[in-house]
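Have a look at the structure below before the remarks.
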Amino acid sequence: MITSILFNILGPILVLVLLGSLARWRFKIDVGSLSKLNIYIFLPAFFFDHVVNSELSIGQAAGVVLATVLQVAILGGFVWGVGRAVGASRKTIAAMAMCVMFYNAGNYGLALSELAYPGKAVSGVRASPSADSGPQSDPTAPPPFHAPPTAPTAARNGPAVQAFVVFCQNILNFTVGLFIAGSAGGGSAADSLRKFVRMPTAYTLAIALLARWWRVEGGEIPKIVNLTAQYLSRGLVPLALITLGAQLALQPRWPRWKPVSFVLVVRLLWAPAQMALMLYGLHRLFVGRSEVLALWPWPAENLILTAGVPTAINTLLVTLEVGGDAELTADCVFWTTAFSAITITFWLVLLQSGWITS
């Protein structure tokens, strides 16, 4: 199993990240342009494609968002408490909190979801709708927003779940994250908040939800829109990983090991364990009573796995913008990504063996 995970799931991710680093070193490619392609073209198309064609009901989607918000809040409180207890500076605590709270749900998490849970059919159910079929003849048309969870029979489509995690992480990073970094760094978060308003993430999700409602009610999405979104969506994962590799090649350094070690343990080991405990606890408390919290065992499995991905590069961008501890943040991004090859393998073995969610 470990060999299969290393070669079939983590292998392609690490190869693409390495190619991005080599491309940056050899061709001096512009990382800023790659990031803009990700944020303004490929990521919006990914959101649209996976929300419109998602097997998740609106209740499960809301549950994914709620779980992500709770995870971020608990992690932030934990890091803040530990930092205050050991007497760390406000700037250091803020940097550590951001590096633990905000993870690379996009570049890394999407690729991991795509490879670990590609949406293959379970119990004879097809994974995704055909691009050429209309909503009336498509047996895999998305369920209505009030539909009950279909985890036992529907395909385990990781990207459909991860799309909502990415959206939630982006909003939290550029709102709560800005407040944390700005309050510690002395900079103003207003300019960065205005930048977030100009980003297409929230608007794309709103349009995608309307398009999904239209399709559920019997309408048809024009092929020029649906197919374009699908083609771009398929290009996001390789481009995002190449971008990640190029960004990591910018500032390799020997880190401040004390705070970085703390972030490594909490981000890569404690965070997925916390997500598993939280989701199982909610399941036990609300089983059969709330569709929003009906996330166990799926999509809990995807949420647990991607909760252990490295620190988000957006944390570095936010920290630089408002004058926080950018050096520590850059160290955490680099080293959590490096060590994640080991820890993600560990979590994949546990999850795919059924040891956690069975």
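All residue numbers here begin at 1 and follow the chain in the order shown.
Including glycine, each Cβ sits where the backbone N, Cα and C put it.
Given the ranges 36-54, 302-320, the record in TrEMBL names 302-320 as transmembrane segment.
Same-chain residues lying 6+ beyond the ends of the transmembrane segment (6-25) with a Cβ under 8 Å from its Cβ atoms: 31, 108, 111-112, 115-116, 238, 241-250, 337, 341, 344-345, 348.
Listed as Cβ neighbours of the transmembrane segment (262-282) (distance under 8 Å, sequence separation of 6 or more from its ends, same chain) are residues 67, 70-71, 74-75, 78-79, 82, 96, 99-100, 103, 293, 295-296, 300, 303-305, 307-308, 310-311, 332, 335-336, 339-340, 343-344, 347, 356. When Cβ distances are compared across the two stretches, the transmembrane segment (160-184) makes no contact with the transmembrane segment (332-356), since fewer than 3 pairs at least 6 residues apart fall below 8 angstroms.
Away from its own ends, the transmembrane segment (231-250) comes close to residues 13, 16-25, 29, 31, 34-35, 37-38, 41-43, 45-46, 48-50, 104, 106-108, 110-111, 114, 313, 333-334, 337 of its chain (Cβ-Cβ under 8 Å, at least six residues beyond either end).
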